[in-house]
Amino acid sequence: MGLVRSFALFLVFLSCLIAVYGQGTRIGFYSTTCPNAETIVRTTVASHFSSDPKVAPGLLRMHNHDCFVQGCDGSVLLSGPNSERTAGANVNLHGFEVIDDAKRQLEAACPGVVSCADILALAARDSVALTNGQSWQVPTGRRDGRVSLASNVNNLPSPSDSLAIQQRKFAAFRLNTRDLVTLVGGGHTIGTAACGFITNRIFNSSGNTADPTMDQTFVPQLQRLCPQNGDGSARVDLDTGSGNTFDTSYFINLSRNRGILQSDHVLWTSPATRSIVQEFMAPRGNFNVQFARSMVKMSNIGVKTGTNGEIRRVCSAVN
């Protein structure tokens, strides 16, 4: 009974979050207009994942990047000169073909009904579930934005950000420090980073370790994966030993001073966030529940609903 009551309370809490942050989105938005919408997205993501597991972290990252630039309006999906996709932070985004595939199927089933922004939000959720994370209910009803400019991609978190800078960037969207640790942890428990982002941490000008606060027994492993004068675009797991599984090992790695990026490492070294990391790495921690809450908040940043925006027929181009 206690577990049932806790789950019921969580659903009530989730409904309150949607009411506060959702600005018109709601769970089951397509229940009558396109009842198979979520199933179509889920099966499409699963199909692509079976042949290319990299689409899971790619879609989660893509959704995050979409929301941090003009809100969750699918603007990152638009292609063309000087679009968001051409910005330096977005050039390595992966999984656009999954969204395009899902959109084609949805247009065949329910023409002009399901937005690309909603497809991306659902695909991010399904990507977490496919990598062993827990699923959650995604409020839908977003409409698609018509503007996508690389010049607007200026507030995304950076691999070198201090905690204070990360907090400022998240607070701009009413996301608190707990949301920050949760979303960064969820985004980095699967996927990879380019070696170019970490060479300054594992080498100095003489070729020795540059960051003495890292686990010194771990550094040689990173140096082999990312040689000092090697290919800066080569990739390394953000969650060493568990890069393909959505779990809490990312936080355990942080506690061992094995955070890959400087922005990860400071979550452990900063007193303001260390206690949250410790909570999430505990065997009975509530990371998955908190991740669902924080994702609902983030996925409703600046959404367009009602008569704002449009429902694109093709996700890469405005109607």
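Each residue, glycine too, has its Cβ placed from N, Cα and C.
TrEMBL labels come from automatic prediction, so no person has curated them.
Fair warning: this is a prediction, and the values are worked out from it, not measured in the lab.
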Margin query: Which residue in the list Cys116, Cys195, Cys226 does TrEMBL annotate as forming a disulfide bond with Cys315?
Written below: Cys116
Note to self: Measuring Cα to Cα, how far is Cys67 (disulfide bond) from Ser75 (Ca(2+) 1 binding site) in Å?
What the structure shows: 9
Note to self: Return the count of C-beta atoms lying within 10 angstroms of the C-beta of Cys226 (disulfide bond), excluding that atom itself.
What the structure shows: 24
Notebook entry, point to check: Over the domain 'Plant heme peroxidase family profile' (24-319), what is the model's average pLDDT?
Noted result: 96
Next item on the list: Can you check which residues sit near Asp66 (Ca(2+) 1 binding site), meaning Cβ under 8 Å from its Cβ, same chain, 6 or more apart in sequence, and list them in order?
Entry: Cys72, Asp73, Gly74, Ser75, Val76, Leu77, Ala117, Leu120
Margin query: What are the sequence-distant neighbours of Cys195 (disulfide bond), meaning same chain, six or more residues apart, C-beta distance under 8 angstroms?
Written below: Leu225, Cys226, Gly230, Asp231, Gly232, Ser233, Ala234, Arg235, Val236
Item checked: Candidates Asp73, Glu84: member of the binding-site residues with the richest Cβ shell (10 Å) -> Asp73
